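Comments concern the structure below.
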Amino acid sequence: MNELAGKHIVLGLSGGVACYKSAELCRLLIKAGATVQVIMTEAAAQFITPVTMQALSNRPVYLSQWDAREPNNMPHINATRWGETHADAILVAPASADFIAQLAQGRASELLGLMCLARPIDKVPLLLAPAMNREMWAHPATQRNLAQVAADGATLLGVGSGLQACGETGDGRMLEPVDILEDLIAFFQPKLLQGRRVLVTAGPTYEAIDPVRGITNRSSGKMGFAIARAARETGADVTLVAGPVSLPTPRGVRRVDVRSAQEMLQAVQPEIAIASVFVATAAVADWRPASASTQKIKKDGSGKPPALEFIENADILAGVAQDPRAKSGALYCVGFAAESHDLLAHAQAKRARKQVPLLVGNIGPATFGQDDNALLLVDEAGTKELPRADKLTLARQLVAEIARRLKT
Ligand code: CTP
């Protein structure tokens with residue numbers, strides 16, 4: 001997807017072995033539609049050549065403030081603004097301990113630090129993806145400098161943990177390029193749900209018949225995962241209760257894996273007292289076998305199937321909607337309806353039956369497992385269609401619709 005179309009990103013590299021990942025990051029930024037201007041420190045050029053970065057970004061790379069290629073000889077100004085326009089962000093990846101120290105002190109001895117200092121601070125945000133040895137990361141001086149640059153307005157993207165190039169294991173690895181890309185895309189989303197807590201259920205549930213068999217459904221969980229990501233991008237604190245699906249957890253989202261409807265209900269309950277939005281996208285099984293056999297059920301030779309008894313699962317959404325917080329509007333509940341026909345009538349009926357303020361209808365067979373969907377929003381004011389689009393686009397639109405409806 002062209003998530004960064006029209007965006008101009010200045011990609012800064014300071015010295016560190018993680019520079020090898022910056023080549024991949026540059027490619028991902030370009031693939032996402034951004035134009036990328038690379039600025040490197042002398043130390044970064046010890047780890048990866050400017051030639052590689054120029055080839056990937058398709059633009060000359062700058063290392064020195066004395067670079068005479070710029071007619072006014074001011075690459076530190078020209079990199080972030082030209083005429084009335086300016087860069088959408090400076091992203092320094094890797095940001096070394098030394099570079100962060102320079103930033104904290106407002107030093108301008110190299111082009112990259114000089115450019116960061118000279119940027120219009122209210123127009124060109126600065127994002128840092130630190131990378132260093134775990135001891136350097138944990139050192140009080142580094143932590144002090146990080147706190148200072150954050151106080152000065154920089155956005156810290158965090159670090160990964162694990163085996164480091166030096167052979168030690170701990171915090172301080174640069175985030176993977178795909179994660180930095182996801183964080184940058186999220187950075188540009190409007191912070192509509194900043195400080196809110198959002199609970200999302202997603203995927204199918206699995207109701208065991210015996211240790212090897214069960215009943216489930218075709219829900220892929222993609223819509224719910226997209227909503228969790230979109231909510232997180234808008235600044236929300238997101239808990240995603242997921243049935244059995246093999247989807248990657250969106251960045252920054254707390255995920256609780258469950259299997260059965262009963263487990264899903266249990267995972268949802270503690271969140272009800274603290275969440276301000278509940279989006280129920282899960283395709284919860286309506287029934288479960290009355291008692292799951294502890295041993296595999298064998299054919300008995302009679303040719304007859306085993307007589308299974310089913311009992312109804314609790315309706316998680318309808319139950320939450322009866323909570324006093326939901327009734328008072330402190331917890332805004334959103335239901336989903338996967339239908340095969342008569343979408344509007346079924347969605348309206350389901351909204352009334354479950355007593356939720358917003359019900360989102362979609363045609364189940366046309367969306368299960370697909371990457372796109374179309375949604376019909378039904379609330380007290382009427383209906384609104386979100387036309388067919390990829391699920392993340394729809395999720396962002398839905399989150400904006402929910403944010404508009406929340407009590408301030
Ligand atoms: N839901 C729930 N718990 C259940 C069943 C459904 O929380 N036990 C939620 C779903 O997550 C969804 C909404 O209720 O948000 C609609 O679920 P759906 O299964 O489509 O509706 P049903 O109530 O099962 O109605 P029907 O089977 O008649 O379509």
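Note: Cβ is positioned from N, Cα and C throughout, glycine not excepted.
Remember, it's a predicted structure, so these values are computed and weren't measured experimentally.
Of the listed candidates (PHE225, PHE336), TrEMBL assigns PHE336 to the same CTP site as ASP286, LYS296, LYS350, LYS354. In this structure, LYS296 (CTP binding site) belongs to neither helix nor strand by DSSP; it is coil. Across the domain 'Flavoprotein' (7-184), the model assigns an average pLDDT of 97. Ligand 1 lies under 6 Å from the Cβ of the following recorded positions, listed in sequence order from CYS166, ASP286, LYS296, PHE336: ASP286, PHE336.
DSSP assigns ASP286 (CTP binding site) to coil, not to a helix or a strand.
With a cut-off of 8 Å between CB atoms and residues at least 6 apart in sequence, the same chain places MET223, VAL279, ALA280, THR281, LEU359, VAL360, GLY361, ASN362 near PHE336 (CTP binding site), listed in sequence order.
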